[in-house]
Amino acid sequence: MSKTLKKKKHWLSKVQECAVSWAGPPGDLGAEIRGGAERGEFPYLGRLRDEPGGGGGTCCVVSGKAPSPGDVLLEVNGTPVSGLTNRDTLAVIRHFREPIRLKTVKPGKVINKDLRHYLSLQFQKGSIDHKLQQVIRDNLYLITIPCTTRAPRDGEVPGVDYNFISVEQFKALEESGALLESGTYDGNFYGTPKPPAEPSPFQPDPVDQVLFDNEFDTESQRKRTTSVSKMERMDSSLPEEEEDEDKEAVNGSGSMETREMHSESSDCWMKTVPSYNQTNRSMDFRNYMMRDENLEPLPKNWEMAYTDTGTIYFIDHNTKTTTWLDPRLCKKAKAPEDCEDGELPYGWEKIEDPQYGTYYVDHLNQKTQFENPVEEAKRKKQIGQAETHSAKTDVERAHFTRDPSQLKGVLVRASLKKSTMGFGFTIIGGDRPDEFLQVKNVLKDGPAAQDGKMAPGDVIVDINGNCVLGHTHADVVQMFQLVPVNQYVNLTLCRGYALPDDSEDPVVDIVAATPVINGQSLAKGEACMSTQDFKLGAMVLDQNGKSGKLLSSDRLNGPSDSNEQRASLASSGSSQPELVTIPLVKGPKGFGFAIADSPTGQKVKMILDSQWCQGLQKGDIIKEIYHQNVQNLTHLQVVEVLKQFPVGADVPLLILRGGPCSPTKTAKMKTDTKETSGSLETINEPTPQPMPFPPSIIRSGSPKLDPSEVYLKSKTLYEDKPPNTKDLDVFLRKQESGFGFRVLGGDGPDQSIYIGAIIPLGAAEKDGRLRAADELMCIDGIPVKGKSHKQVLDLMTTAARNGHVLLTVRRKIFYGEKQPEDESPQAFSQSGSPRLNRTELPTRSAPQESYDVILQRKENEGFGFVILTSKSKPPPGVIPHKIGRVIDGSPADRCGRLKVGDHISAVNGQSIVDLSHDNIVQLIKDAGVTVTLTVVAEEEHHGPPSGTNSARQSPALQHRPMGQAQATHIPGDRTALEGEVGKDVCSSYRHSWSDHKHLAQPDTAVISVVGSRHSQSLGCYPVELERGPRGFGFSLRGGKEYNMGLFILRLAEDGPAIKDGRIHVGDQIVEINGEPTQGITHTRAIELIQAGGNKVLLLLRPGTGLIPDHGDWDIYSPSSSNVIYDEQPPPLPSSHSAATFEESHVPVTEDSLIRVQTCEKAEELKDTVQEKKSTLNGSQPEMKYQSIQKNVSKKDPSRSHGHGDKNLLKGENGVTRRGRSASPKKSVNRHSEEHLEKIPRPLRSDPKGKSRDRSLSPRKGENKGQVTIKAGSGQDPCRKDRGRSSSPRKQQKIGGNSLSNTEGKLSEAGSRRAAGLSSDSPEQLPEGKEKSGVSRKDLKLSQLGKNRTRSPEKRSSKVDEASLPSKKTSDTASRVVSEKEKGRKPGTGERSRDKTGESVQTSAKPLTQEAGEKMALSKASEVTDRGKERAGGAPESSSPVKKAPITPGPWRVPRANKVTGTAGMADKQL
């Protein structure tokens, strides 16, 4: 295998780059450039002068490997020079400043010095070589004019577009060797002459056009290039093999088999491209090459890529799949009968399988067959298709006989030896008593093929002397199976009967067959079979899914248990019912009857319109539909078979009437009838629903590469139906507004799909059966489990085109939910496709006491409760959603019926048991001002099942949210509230109703939070920026390492980004310089931006001004979530945008909640006056003096740092409230006792102590519990951990004495090592205190204090009072040192990277110390007034410069947090 791969290296793998500079006289390159297009050669390197001498310059290799003399020169500083003259190549080299980058390749058999040779080779369109040929031609046409023998067309100028010459002149040029290319196109000769060594003085300088090609019109070049590209070359040839390389110049595979296939074609030179062949697969690319030269662009989110061998393939970023098929060619695909011999239709693939031989895969319809589709189509065309289905059936029936003497044709006798793989042929027929059994396929290298006497279409007359005319399919199968391996069987065959046409079966040309395992069909793309094998028997798998036992109905393979092979129902020994054939005609609204499951098959449950189904009676069991046995098909499959018939079609039904139906014999009867026909074909890949009994394990005999793997996949896909669930079939007709429901989920292969909101007055609501939170199992019979959100939307789009859809949903039945006996307000639709009334409804135990609570809120308030959701899978019988907090004074509190610990099982009557946290948020948001909660009291909750399927909100099919969710992770000890085993950490989403109107695009906020990968196609726009003196003027957040996308974090003032006007904070970056950003790291994003040089091309999706926090997706994120539906006041008019997502890591007790709510309103009037509009454009001078926002959001007590205790809000210190700015605002200096807020701490589980990002984004920087720094003190001491900026800025000097850099580093290192502990809150020092500095003794105490708080679990609940001053001093030292450490400013344009995935490419101008002091003094009086109003008896400070001693307050150490991976509890200074 490795040798094969090694042989397929493309010449591209030999390309090397180096940077060189010259030392010598100006203009002397120190290297010799030879060749040139005027000589018919590539530019190539001559001698490199590496030693001075002879007065010439020398060539010095700066980086990379030095090229060798003779190497072909491809590019100079990224500019292609192939096709240029020697003069122009030298001019390009001299144009660039040293050092210059050279891209060279060693000459080989594909690329060498001969330019004419390379242009004569034939390459696959779109390949690297084909593109290089186009580049060569473009360069040639800058200085030469192609010639042609055709007459000028309108608008063409001789000597400009073409040189129009006679045929004699053309041949003379060709014989003289003056043409680099020559050929014919549309009956005319075309040629490309060698260019002159010197350009014409009347032409533009070709070098300028090469270097600045964007400024020149290339339309005329393209016209000529197209003509030359399509012409049939006179000296056309395939490229010779490189040493140890196949002909990768064509497509990188060079299979001998495929090379021969194209050698005969001469109609178009492009046809001779061989097909792709790898690991016994071949994909025909000639159809690909036949397309027009100028194809339309690829569909959205598609990308063309190349393999290592240069072969192109296509990437669908919507579905995360790759394909060799060009999606643009599906509209131009030829019909199979129009394809040439050896050519496959578009979408077909040939498989050479060692086990099954050669067969063909139709990727478009997802089916397989043994017969070549082209040969099949041509055969059908020859015999004609004009006869109707019924006429053909009548003719075939007329020919049937049980008397061998009456057979027409030639009798052939064969003796076959059974091998371990069977007899090597497949059979069809025997599904009716009057149908022949015929050979369908003779498998390659099988016993039948080796014998050479059997042929497709042969009728099996007798087996070992036993006449089998009139025998059923299963009878014959069993006879073959009874033959031991290595034993012979004597067959008598009759040759002279054609195989029945596939179109006789109504489903042939529409769908693929789907193998069935355990009575259930496999997923789309996992198993396929040919529609030609419609009547084949089935492969039997053992219980382990092994495929060693193949029924003789398909492969006539080894023996299997006889009890698995049954005869038809008529011969199984059961009572013989009456078989009746009833002709039906499909009416405009269907067949006029409804069907339902029964133990013996699909039963007619109701006659809806007798005029279309005369003779049909209620209770009839459907055995065959249009001669297709449907006994083994499930309800959905039978429904789909009926649906596919057009209106007015005559459809005969074979029904079973009068037979007993014994439920006790259900399993046996199903098994008995399973093998009467191997017909497992379904419509549009329908998927049966789980049956209430395990049928025999059968599957199609269609070849599959790994049956065991397919079985395991299908077993996972169709595992037994969970308990306490029921499945419903809902048939909906499309209205003008659609089907009337939303779709949730599909975020990954293990994510389920759910029904979202039901649209009022829509089709789903009118039908009445569909509910939000129902799990979607199938769409029109196609299973959706494991499919992506985009694929589900595609299925719904297809259904919308059809005008109707059949949905199979699974509904969780949890205790306390009222379930009607029959979910069918509309008993049956009139489409002939009624839904199934299933009998296997789960039995219900004694229900728990549940009750509905209706909450109504005002427009300016929330509902006031917190939902906790366990993200780890709860134990059986546990509802994962519960009330975690009820906010005092809120609607939830006023109601009086919600208590902490109560479980929520439904919202507005819709089960939320299996919904994710985000989807519950959306449901409640959609509820408006009134919501109904179904509550199970905590003490009574013991039984409802739970689910942890995380469903993602559909970005395209989502209600417009009424407000924005705001995420705040609040680790804390929740065991007391939750009463649930497990480690639950809370992530709260505050539902802001009033903030909604301040957001420009509320919908996209939800999309960005959810991280929908399918939203990339929504409203993206490109922006190209040129680098300014300090970069591009924006900073990034996110990356793969932070489990989030890339977002615009900040825009620099006067930077290129903000000047452009189209980029805004919060916009998501979809592509950087053409490369998608999905899944790339932050570092890679920076590299992509740098790689663009002075320009960067961004593809952006508009945001709302909020930046998702990587903490929301952090791998250390808590394992449970809570939602706060609470009031949030509107932001200040000066704020950039409403903050929608915030993050904190502090628990809050009920006591603190009350205090916050009671004192926030009084505080708001004072604080809002002092708040200053924050900037999101990266204006560093303003940011330097911005204080960190208050810790606790208004009416959001969950954001205050520190464990809840009675003294939490002593004085005014606890009444920190969240500002309404999108980024931190300036704050006035406060009393020293006031600065007791906590430094944000990294998660405890993070070994490196990475803290969660505290950015300046609208959703960040608020309520983080960060240190409040007075205006003149410079930057936040914890800025690095908070990730406020990636670009360090120069700080103001803090006093006359400062700590050394060593001390600063030590202090910062200590704070970083405290990965999971709460750094004790550093107080804001008065200016005098700051000037005094910090002694080394204090520094040591600082480290001691940090070590003592490193492990919250080990901390004592009591603290030694003597250690408090030391700890406080250590925090002061930490803050001052951090400020000094951050005082160093990098060079212009330097980019710094913090731990939170942010980088800044611009730095801003620092403010002077005097300006900072002036600003601080301007706030002095306001600080004084505010300090007087503070509660708690704190000493006053009338001036920010006044020295005030630091009085250590009582310290409260939180109890150990039991939650794994949670940040330690923050301490609070009072």
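Every residue gets a Cβ built from N, Cα and C, even glycine.
What Swiss-Prot lists as domain 'PDZ 1' is 18-108.
Marked as domain 'Guanylate kinase-like' by Swiss-Prot on the basis of sequence analysis: 116-290. On the 0 to 100 pLDDT scale, the model's mean across the domain 'Guanylate kinase-like' (116-290) is 66.
Taken residue by residue with DSSP, GLY126 (ATP binding site) is part of neither helix nor strand, so it is coil. With a cut-off of 8 Å between CB atoms and residues at least 6 apart in sequence, the same chain places MET304, ILE312 near GLY126 (ATP binding site), listed in sequence order. The ATP binding site feature in Swiss-Prot is assigned to PHE123, GLN124, LYS125, GLY126, SER127, ILE128, ASP129, HIS130.
According to Swiss-Prot, the feature region 'Disordered' maps to 184-266 (among others).
Annotation source Swiss-Prot lists compositional bias 'Pro residues' at 193-204.
Look at Swiss-Prot and you will find 238-247 tagged as compositional bias 'Acidic residues'.
The feature domain 'WW 1' is assigned by Swiss-Prot to 296-329.
For 342-375, the entry in Swiss-Prot reads domain 'WW 2'.
Swiss-Prot lists 413-495 with the feature domain 'PDZ 2', giving sequence analysis as the kind of evidence.
Positions annotated as region 'Disordered' by Swiss-Prot: 550-575 (among others).
Taken from Swiss-Prot, the feature region 'Disordered' covers 665-700 (among others).
If you look up Swiss-Prot, you'll see 676-686 (among others) marked as compositional bias 'Polar residues'.
Residues or ranges marked as region 'Disordered' by Swiss-Prot: 818-847 (among others).
Taken from Swiss-Prot, the feature compositional bias 'Polar residues' applies to 826-847 (among others).
Sequence annotations record features per position, and here Swiss-Prot assigns region 'Disordered' to 939-976 (among others).
Annotation comment: Swiss-Prot describes 946-956 (among others) as compositional bias 'Polar residues'.
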Measuring CB to CB from HIS130 (ATP binding site), give everything in the same chain under 8 Å that is also at least six residues away in sequence. PHE123, GLN124
Tally the residues of the domain 'PDZ 6' (1022-1104) by DSSP class, grouping H, G and I as helix, E and B as strand, and everything else as coil. 18 helix, 35 strand, 30 coil
